[in-house]
Amino acid sequence: MNVYKRADFWAKKAAAAGYRARSVYKLAALDKKYSLLSRASRVLDLGAAPGSWTQYVLGTAAACTAVCAVDVQPIASDIQDARLQRVQGDLCAADTRARVACNAPFDLILSDAAPRTTGNRTVDTSASACLAAGVCAYVNFLSSDGGLVFKVFQGSEHLAILTHLRAHFGAVCSFKPPASRPRSCELYVVARFFRGTCGK
């Protein structure tokens with residue numbers, strides 16, 4: 001199966017299942033491998049639009065699990081659930097973090113956010129690292145032993161992020177789900193068992 005047919009497979013599967021995007025199967029693979037949602041009663045989804053990861057959490061986690069979904073774009077209006085709190089704003093902005101803080105602490109922080117790509121690997125990798133830093137700015141909203149999962153483009157910056165997180169989490173690794181395009185440089189950082197306050 002070539003790259004484009006494989007991508008089409010995941011997109012068609014997502015549409016048939018009622019999910020907003022094919023990326024839902026990346027989270028499903030992460031959850032299967034790391035049991036992300038097994039103990040999560042409060043989840044923060046950063047860069048959530050159009051909403052497939054939020055859909056997955058609401059449909060898979062325990063019935064009592066609450067989700068705070070953040071994006072500068074509105075989350076799909078037909079995703080309706082009493083457990084869902086929407087926060088519209090730039091995830092990297094201080095005022096957005098202040099609004100999210102009202103819902104903390106979280107057992108799990110998720111982010112599938114990615115920068116607009118230019119086709120220049122160096123530029124795109126750097127932009128991804130900057131966005132990842134914005135996601136990591138929320139880490140102190142985690143409860144003890146909480147988890148953090150986010151997308152980053154592979155490169156020297158991503159290795160530096162892993163090194164930084166290992167000082168604050170009991171287990172840190174990276175993973176490329178089967179639903180990722182084979183030629184994509186995207187990886188997902190999985191940090192588990194938060195030890196406490198993480199300095200900037």
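Each position is counted from 1, following the chain as shown.
Placed from the backbone N, Cα and C atoms, the Cβ positions cover glycine too.
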- Listed by Swiss-Prot with G51, W53, D90, D112 as binding S-adenosyl-L-methionine, from among D71, D124, is D71
- Message: Using the alpha carbons only, what distance in Å do you get between G51 (S-adenosyl-L-methionine binding site) and K151 (active site, proton acceptor) once rounded?
- Response: 16
- Residues near W53 (S-adenosyl-L-methionine binding site) by Cβ (under 8 Å) yet at least 6 apart in sequence within the same chain, in sequence order, are S23, V24, L27, D45, L110, D112
- Sorted by position, what residues of the same chain at least six away from K151 (active site, proton acceptor) have a C-beta under 8 A from it? S111, D112, A113, A114, S128, A132, E186, L187, Y188, V189
- Rank the binding-site residues D71, D90 by the number of other Cβ atoms within 10 Å of each Cβ, and give the residue at the low end. D90
